[in-house]
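Chemist: Pasting a structure below so you can have a look.
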Amino acid sequence: MFSPTALRPRYAKWLIATGLFLMLSGCVDKPNTLERVKEDGVLRVVTRNSPATYFQDRSGETGFEYELVKRFADDLGVELKIETADNLDDLFNQVGKPNGPVLAAAGLVSSEQRKKQVRFSRSYLEVTPQIIYRNGQSRPTDAGDLVGKKIMVLKGSTHAEQLAELKQKYPGIQYEESDAVEVVDLLRMVDEGQIDLTLVDSNEVAMNQVYFTNIRVAFDLGDARSQSWAVAAGEDNSLLNEINSYLDKVQKNGTLQRLKDRYYGHVDVLGYMGATTFAQHLQQRLPKYEQHFKAYAKKEKVDWRLLAAIGYQESLWQPAVTSKTGVRGLMMLTQNTAQAMGVSNRLDPKQSIMGGAKYLAYMKDQLDESIQEPDRTWFALAAYNVGSGHLDDARKLAAKEGLNPDKWLDVKKILPRLSQKQWYSKTRYGYARGGEPVHFVANIRRYYDILTWVTQPQLEGDQVAEGNLHVPGIDKSKPAQEPAPL
């Protein structure tokens, strides 16, 4: 007969050992989030495509949020891996997923609704929500003026929460939330008159106003708010504590302020250059560097006046300028480009011009053979400005739209779409300030035409010196920019 008591001596030791193992294993803590990040050697971060957060340009990855979080990853001694979210809901849903991002760095503002999903770090930037309207339209002055206006904001944003609260007081306020756009799209829609108003943070306005000349700030909607990073909800404070310590450190040592100055501290818009000013620059600045333009242009088989026009557009023929993104010198070379072109000192005008000439020739050589002159030159200039990857994206989009990807006239219509989510989401290299290369090329072509004209033997000398220079119209819709020193 089966007897349970007969089994007890046989399995007693096994049961005791098993129970002891389970008890001990329960006492072993799993690695916390910070420990896992260090063990993996990777900090996974989710963000948004925006000039104020993260995007890729000819310098590579850049943006205020990117630089701030890259320094954090460097402090941890790990690699930074960036992922971009399709919209705000997607961003918050990604944080804390298994093998997913452990941190969201995207200019986020805390709210009671968001605190149900994530936990926020200490603040690193103060921003103010601003109502944006189109110049020439009636300017709203208070919340009551929002009634009857066509308004759009990002879905899931704190701005949508603000409008929802206002609607309780002003039931006539109507607004649309969209997850198919980004802030740049909203500003463009106001600029083009597609919507009447939008609500965005002041830092986004500062970063984008130069590209959308029709937008204006109507008024601030509420007080300044704090932007923070976000981590997953829960009781594991390891990563959050490390983030707060890091943000406190960069606040105290000045790193944070330097980043703020780089991205938000300058209104680096030159404005329209009149004939007299341009003539003065031709007389006072160009002669210092003309021999270098001619020598290196000849060596690289490009027109020296085209090379000089690039230098004027980039720096106004000033050798010691540095932009907010770190490009430097007369030809405004990135560090990577300078190294690749054999430039050891970007502030040396001779070296800078040499690097610019080699880089322009390199850009032309990289283009498909199907692109013929003069389009080949304009494509090379666009690649010089925005990078060959984004240019290739625009050419592919042009082909899909039934346009000729080898003609600048067609591709320049497509490039601005790279700043619109519905288009850049379909590309390999993502968001770009696609309007910049269009204006870059247009201005250089005009400067080139001017230089070609005034450097004719019969026009050199007195006419330029006296300022008797007829300057063809420079694109006023997108002024040239003079990089401001850090």
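Heads up, the Cβ atoms here are built off N, Cα and C, so glycines get one too.
What Swiss-Prot shows for this protein is this:
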- 1-29: signal peptide (SIGNAL)
- 30-267: region 'Non-LT domain' (REGION)
- 268-486: region 'LT domain' (REGION)
- GLU314: active site (ACT_SITE)
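Where in this structure would I find these features, and how exposed are they?
Modeler: Here the region 'LT domain' (268-486) returns a mean pLDDT of 83 for the predicted model.
Classification of GLU314 (active site) by DSSP places it within a helix.
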Chemist: Just to be sure I understand the packing, how many Cβ atoms besides its own are within 10 Å of the Cβ of GLU314 (active site)?
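Modeler: For GLU314 (active site), the 10 Å Cβ neighbour count is 27.
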